[in-house]
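Below you'll find the structure, written out as structure tokens, and then a few comments.
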Amino acid sequence: MLYQQISQNKQRTVVLLVVFFALLALIGASAGYLLLDNYAMGLVLALVIGVIYATSMIFQSTSLVMSMNSAREVTEKEAPGFFHIVEDMAMVAQIPMPRVFIIEDPSLNAFATGSSPQNAAVAATTGLLEVMNREELEGVIGHEISHIRNYDIRISTIAVALASAVTVISSIGGRMLWYGGGSRRQRDDGDDDVLRIITLLLSLLSLLLAPLVASLIQLAISRQREYLADASSVELTRNPQGMIKALEKLQLSQPMKHPVDDASAALYINEPRKKRSFSSLFSTHPPIEERIERLKNM
């Protein structure tokens, strides 16, 4: 059951990424048709913008991410218990030892960052280190090490970059069409070709809806990687109860004291900000009760 869950989560992520690239191609083709009367040109430009966004975000400095989250690097001497758990989990996962950081915050949380295992880092709040026992900490750190081993940070970064690219292209396309697309519309207004009119309407609709769809896909990818990291943590520790108990404590945690931006929030094991009441479709994290239920069903 464990390996089946891991396999299913990986497959769902692949499907979502394929849909994401298809959406980017669609929005590019739509913008190209409306503004340049050239599907191919718009499609190519959209993919180029997507690749540039993703590349620039993937190579964002690990130290910069830690600085944005008020994390300070610690040595083995400063935090031996935490350091050794990270070291043990990294050894089991067969990845290089990541850098270790602590965030001075009473809430219970942790996250990992880095585009590859070679430049990764793990951070935990002081609240997490004080409240959780070793079994629970192993579950949490196993979760974060799994993110590193599974290249989740890179995948999530690509998803954020693609969502940003879709939004930018849609916004630019909409503004150019509004301010300078009169000739395109006038020509179509007198055209009896029903197919051309339908194509125009569908292109306009895609420009309007693409940013929302892109955000939903990006959030769905984030949730799938959380499920995968939970299951992968159990694979590393061989102890589902440790992860379950950790999640039960995380469920009772208060929001973090320092502000957390949207990009950083998706990295944490638990939503670091105040819980929102709307649908989980718009959340970076799946409900903790669902995560616990999946672990119990392994």
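Any Cβ shown, glycine's included, is placed from N, Cα and C.
Residues or ranges marked as transmembrane segment in Swiss-Prot (evidence: sequence analysis): 14-34, 39-59, 158-178, 197-217. The Zn(2+) binding site annotation in Swiss-Prot covers His143, His147, Glu226. Per Swiss-Prot, the feature active site maps to Glu144.
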Between the transmembrane segment (39-59) and the transmembrane segment (197-217), do 3 or more CB pairs sit under 8 angstroms, pairs being 6 or more residues apart?
no
Between the C-alpha atoms of Glu144 (active site) and Glu226 (Zn(2+) binding site), the distance in angstrom, to the nearest integer, is 10
Row Glu144 (active site), column other C-beta within 10 angstroms, all chains, value 27
Neighbours of the Zn(2+) site His143, His147, Glu226: Cβ within 8 Å of the Cβ centroid, same chain, sequence order.
Ala112, Glu144, Ser146, Asp152, Arg225, Leu228, Ala229, Asp230, Ser232, Ser233, Ile269
Across all the protein chains here, work out how many other Cβ atoms are within 10 Å of the Cβ of His143 (Zn(2+) binding site).
28
Across all the protein chains here, work out how many other Cβ atoms are within 10 Å of the Cβ of His147 (Zn(2+) binding site).
27
For Glu226 (Zn(2+) binding site), which of the three DSSP-derived states applies: helix, strand, or coil?
helix
Sequence gap of 6 or more, C-beta under 8 Å: which same-chain residues meet both conditions with respect to Glu226 (Zn(2+) binding site)?
Ile269, His285, Pro286, Arg291
Can you check what DSSP calls His147 (Zn(2+) binding site), collapsed to helix, strand or coil?
helix
